[in-house]
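Structure record follows, encoded as structure tokens.
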Amino acid sequence: MGARASVLSGGKLDAWEKIRLRPGGKKKYRLKHLVWASRELERFALNPGLLETGEGCQQIMEQLQSTLKTGSEEIKSLYNTVATLYCVHQRIDVKDTKEALDKIEEIQNKSRQKTQQAAAAQQAAAATKNSSSVSQNYPIVQNAQGQMIHQAISPRTLNAWVKVIEEKAFSPEVIPMFSALSEGATPQDLNMMLNIVGGHQAAMQMLKDTINEEAADWDRVHPVHAGPIPPGQMREPRGSDIAGTTSTLQEQIGWMTSNPPIPVGDIYKRWIILGLNKIVRMYSPVSILDIRQGPKEPFRDYVDRFFKTLRAEQATQEVKNWMTETLLVQNANPDCKTILKALGPGATLEEMMTACQGVGGPSHKARVLAEAMSQATNSTAAIMMQRGNFKGQKRIKCFNCGKEGHLARNCRAPRKKGCWKCGKEGHQMKDCTERQANFLRENLAFPQGKAREFPSEQTRANSPTSRELRVWGGDKTLSETGAERQGIVSFSFPQITLWQRPVVTVRVGGQLKEALLDTGADDTVLEEINLPGKWKPKMIGGIGGFIKVRQYDQILIEICGKKAIGTILVGPTPVNIIGRNMLTQIGCTLNFPISPIETVPVKLKPGMDGPRVKQWPLTEEKIKALTEICKDMEKEGKILKIGPENPYNTPVFAIKKKDSTKWRKLVNFRELNKRTQDFWEVQLGIPHPAGLKKKKSVTVLDVGDAYFSVPLDEDFRKYTAFTIPSINNETPGIRYQYNVLPQGWKGSPAIFQSSMTKILEPFRTKNPEIVIYQYMDDLYVGSDLEIGQHRTKIEELREHLLKWGFTTPDKKHQKEPPFLWMGYELHPDKWTVQPIQLPDKESWTVNDIQKLVGKLNWASQIYPGIKVKQLCKLLRGAKALTDIVPLTAEAELELAENREILKEPVHGVYYDPSKDLIAEIQKQGQGQWTYQIYQEQYKNLKTGKYARIKSAHTNDVKQLTEAVQKIAQESIVIWGKTPKFRLPIQKETWEAWWTEYWQATWIPEWEFVNTPPLVKLWYQLETEPIVGAETFYVDGAANRETKKGKAGYVTDRGRQKVVSLTETTNQKTELQAIHLALQDSGSEVNIVTDSQYALGIIQAQPDKSESEIVNQIIEQLIQKDKVYLSWVPAHKGIGGNEQVDKLVSSGIRKVLFLDGIDKAQEEHEKYHSNWRAMASDFNLPPIVAKEIVASCDKCQLKGEAMHGQVDCSPGIWQLDCTHLEGKIIIVAVHVASGYIEAEVIPAETGQETAYFILKLAGRWPVKVVHTDNGSNFTSAAVKAACWWANIKQEFGIPYNPQSQGVVESMNKELKKIIGQVREQAEHLKTAVQMAVFIHNFKRKGGIGGYSAGERIIDMIATDIQTKELQKQITKIQNFRVYYRDNRDPIWKGPAKLLWKGEGAVVIQDNSDIKVVPRRKAKIIRDYGKQMAGDDCVAGGQDED
């Protein structure tokens, strides 16, 4: 039965069926396992034919072995099956799969040992690479001398990485893609990968933070060994070495290849992946548990969402496998879940998706119900049919195999791919437009009611690759209808395409049957049918194993009008099969009419239809020109005439070709382009001559009529319809559609590039010494062959292209230099851009300047020093293309300088891979930079300019780093490596900038070159507050409606200033306030702002800005000696900030609280905070906060809890147990503050209670616990715990709950909050902790207007301070004071010292309390004896 069953024959099949699947198991290998393995190999794009030999199996195992560690269970099963099959082929006697795997491992070990021995004997470089200690992956390889060398990461890899980030952003797929692309990379390579995506600053900052944390952890775990490093021994890497910031490439290679190795690349990669995981979690916050299939959601869409989320989950592969096996089925909708459970636990994903195809929604339910009802009423129907009531009632039929009598879900046959209704792949049954199942229709072989014809040679060039089954000598009637309609002579035999299953109606023994024409089957097998004559029993190998059949000989069968006599087997086959024994008799052949180019299938965007744009009127000469052009195109088969049945239309027009009287046809495909699917551009950019290697022989070819040589998808052609109108509507318009790729259609470039690559691939493989650069229809062909041999190869290439329908006209075949290619002029040893002529005009339009800038940009890649900034300034604003623009003096000067530069021709040289790349950058001023990339001084590979300003506020160092990144990225694309940079900036300046500013942990290798003007930082901010300098608290406020605002400052020295502003914003006022502070301060100043916006601008140390106020701030900063800038959060009661905020807010901030309403509502939905907490946290008026609480249905149960209780000693706690949902919750309340601690305990025992009290005492200062008389509180365990923790235990009055009033009321409050959040948590213990959090930190009120959490901390802190103060007071009372009053020179006293300050003391003399300056007081210790007289206050007792 087919090719897959013929992998083993004879004795090998017997041996195969004796091998057990598991050691000691009952199940053995069967033929179905080979069929499964063949299908799996096809799925993984491996040739199933390899299974037929031992060598083939060995090749498959080599391919699969590398994927075993990370692969799915299916891959492992496939490997096991192939390993067992290999043993059968090699006649190795094995009893089960495990024994087969052991044998394979033994063979591989022996083979490896032999290889290593051979390598040791020969000492060959190639053999050395097989050593396990050497990385066989890039970028560290071993050269012929045995040295470890670094092979740079390829530009293709880097381009792939850039595209991954651009396409996927930071979705879960990024992590496996990064892991695969960075296999074996060094830290330098990894940093290169990070650098080229450095534009994603937020993500890179997160990544940097993770790397820094991991590096710090590494340093802590791996401390530096004391003493010097022994000679010849490498130092141990630090965290920053692993991150590549403080280590050289050679050091990294040394660590990675030492014995034992330190895999710094893998360690750094692991850190990066940790960071990427955090980024992915931020971008994809959905949990796998939340992925559930919607009631009508297709199973395929659900699976896509499931696996996308699964990739983002942080779990091991085993856990992910478990999630796939369990959650995928568990979270499916009920309809799919029923089917999936019926499939059993071992079902593959493909089987699940096939089984669940078309499931879901009302149509599916109706169908299932109809099938169930038809099954239930079968017997009744049979009785009624006998009576003649229901003649010809339809029996139920299986969607899967087409047989009657059972349902698809009960079908034993293998699940059929494609739609269960029409048999076609590419859609599900629920989306099928056919009314009945196609694979049971009599005319399936000829779906359009006509036969396929052999295409003519011209048509074949433009038709899709097709595979057809032809039955020779059939009757004419089947094909003539279609032939007559199209007016084409057809062959007389039917042709059956293989785009669908080739099912035809055959007549056997006078009965009609649907049967599959199977050229892979030896025998003809039919399901149960009554045939005349004798039969013999027989066993045949089928798809599901062996089946028993009856063999009838010499049976007449009629297929497509042809008769044959042969053997027919009758048995329980899932599908009727006509095998080769009958097909050969009727002359049936399998034909492969290969069209030169396979068409690429194209579709419209989902839910869209083709364009229906009316044709606009055309002049007579344009209509005539278009008619002639279309006649020629029709003759060449490029377009096809169509009738009115095509409803689509796209407008067409004509323009005259440049410098010619000939016309050119243009079709406006703008509308079709909007509706066509998106395409992936196969080529990311154009090749650059600087990246070409110098070649002896070069040829440049052009492909003629490039697009018109590639066929368009047949199903899509109808959408390209256009109409050529007639003059004065004399006749209906002539309608055409394209057979080939149209000019101007969005899909043409991508499809052409893809087709061209496929066509050139065999030539490139056959001739590796020839380099072909391909961009659209331009081909550059270079080689180091002699010119004669080279030209022979060129002719071979032209013939190869011609076979595929591509012509290379002699007119554009360039054999001698200079070669004109892609806008460049190529010479044997140099290149330049094609000559550029700058126009000289009296007046310039916008269009003229745009073209001029384009030419200058093109020239800048080899002419150094080109500038366009002033010319670009002329184009600012929305201007029409024809508007006249006067040139400014600066623009005229810039244009004149550019003319001078372009006067002398400049050439670039070609790339030499053996030499280093060097990039040198010079500053041109006004934010413009020029650079040269060379390998030898004064021989530039290419030049360029950089003038892009990425932000409104910048400085030269920042622009220089952006230019470096741009040049590095450009170099990676062209040469696959970064150059060494020579920059006009001193190391000290660079370091000062980079230590403070953000970096992606990678700075390219560079050196200082003294090329004026040098880059410098014009000012530097201090990192610590300046001692002795005045501190300015600055703030600004603006009203959004009136645009009025205020800016001002207050200082720590009592100064303050406020200015009123008009037409301003909050951000401008914040900057204006900083400017005021800088204006009014001395040479050194501390400034404190609450604006992150202003802080961000100034901390980046800009030296130029588009904002006038920022430029004024920069001028002030340059004049200062020292400036310290700090930030504090706004509205948090911070001294000076609060004062200046009140100062600038008066009369301005009226509606600013509206900003906080949304955030407050969001927080209330999560925590159900009370109105005081929201008013405080979000700056809301009480009425607004109360309204939010009033609109919440969960907060309206019993009103809001009353707050405010007696201020008791801060050491007293009340404890109680309460019950909820059948569980016990123990609650402890801090009486003074209302702060609670609670948790669910397993039992109300003394042991659990004692443990809770000890936990409480470990967190807070507990002096007294007040409890009721419950047995758990009066237990010995609790008494022991209280004794140990020095806690006094008090008991309430029996049967009087009021003695436990505080904790009782808190129990009610806690249960109320639990009720509000219960649905957010799965378990009660989680809800309890959520409720504790909300009560302690999200509810404010009572003493001080604090939350309970703030209040307990404040009370404990106050208690400590009070005790400390009390100690100080006690000490102070041991002193006496003698003092002089006013101008009286007589000392008085002794008085009692109450308080001692910096400038004065407070004393009590008799009953009077006085304040005396320190200079007029003498403080002495009281020794218990009274001083004798007023003048006896001698110095020995003096305190100061």
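Cβ from N, Cα, C; glycine included.
For reference, Swiss-Prot has these:
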- Asp702, Asp777, Asp778: Mg(2+) 1 binding site (BINDING)
- Asp1035, Glu1070, Asp1090, Asp1141: Mg(2+) 2 binding site (BINDING)
- His1164, His1168, Cys1192, Cys1195: Zn(2+) binding site (BINDING)
- Asp1216, Asp1268, Glu1304: Mg(2+) 3 binding site (BINDING)
- 636-826: domain 'Reverse transcriptase' (DOMAIN)
- 1206-1356: domain 'Integrase catalytic' (DOMAIN)
- 7-31: region 'Interaction with Gp41' (REGION)
- 73-77: region 'Interaction with membrane phosphatidylinositol 4,5-bisphosphate' (REGION)
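Put simply, Glu1304 is the one of the binding-site residues Asp1216, Asp1268, Glu1304 whose Cα lies nearest to the Cα of Asp1035 (Mg(2+) 2 binding site). In the three-state DSSP reading, Asp702 (Mg(2+) 1 binding site) counts as strand.
Each residue in the region 'Interaction with Gp41' (7-31) gets a DSSP state, and the totals come to 7 helix, 2 strand, 16 coil. For the region 'Interaction with membrane phosphatidylinositol 4,5-bisphosphate' (73-77), the DSSP-based tally of helix, strand and coil residues reads 5 helix, 0 strand, 0 coil.
Within the model, the domain 'Integrase catalytic' (1206-1356) shows a mean pLDDT value of 83, rounded to a whole number. Here the region 'Interaction with membrane phosphatidylinositol 4,5-bisphosphate' (73-77) has Cβ contacts under 8 Å with residues 40, 44, 64, 67, 321, 348 of the same chain, all six or more residues outside its ends.
Proximity of Glu1070 (Mg(2+) 2 binding site) to non-local residues of its own chain (separation of 6 or more, Cβ distance below 8 Å) is seen for Val1034, Asp1035, Gly1036, Ala1047, Thr1089, Ser1091, Tyr1093, Ala1094, given in sequence order. In the three-state DSSP assignment, the secondary structure recorded for Asp1035 (Mg(2+) 2 binding site) is strand. Here the candidates are the binding-site residues Asp1216, Asp1268, Glu1304, and by Cα distance the one nearest Asp1141 (Mg(2+) 2 binding site) turns out to be Glu1304. The Cβ of Asp1035 (Mg(2+) 2 binding site) has 29 other Cβ atoms within 10 Å, all protein chains considered.
Taking CA atoms as the reference points, Asp1090 (Mg(2+) 2 binding site) and Asp1268 (Mg(2+) 3 binding site) are 51 Å apart. Using the Cβ center of Asp702, Asp777, Asp778 for Mg(2+) 1, the list of other same-chain residues with Cβ within 8 Å runs, in sequence order, Leu701, Val703, Ala706, Tyr775, Met776, Leu779, Lys812. Other Cβ atoms within 10 Å of the Cβ of Asp1141 (Mg(2+) 2 binding site), summed over all protein chains shown, number 20. Asp777 (Mg(2+) 1 binding site) counts 19 other C-beta atoms within 10 Å of its own C-beta, drawing on all protein chains shown. In the three-state DSSP scheme, Asp777 (Mg(2+) 1 binding site) is classed as coil. The least crowded of the binding-site residues Asp778, Asp1268, judged by other CB atoms within 10 A of its own CB, is Asp778.
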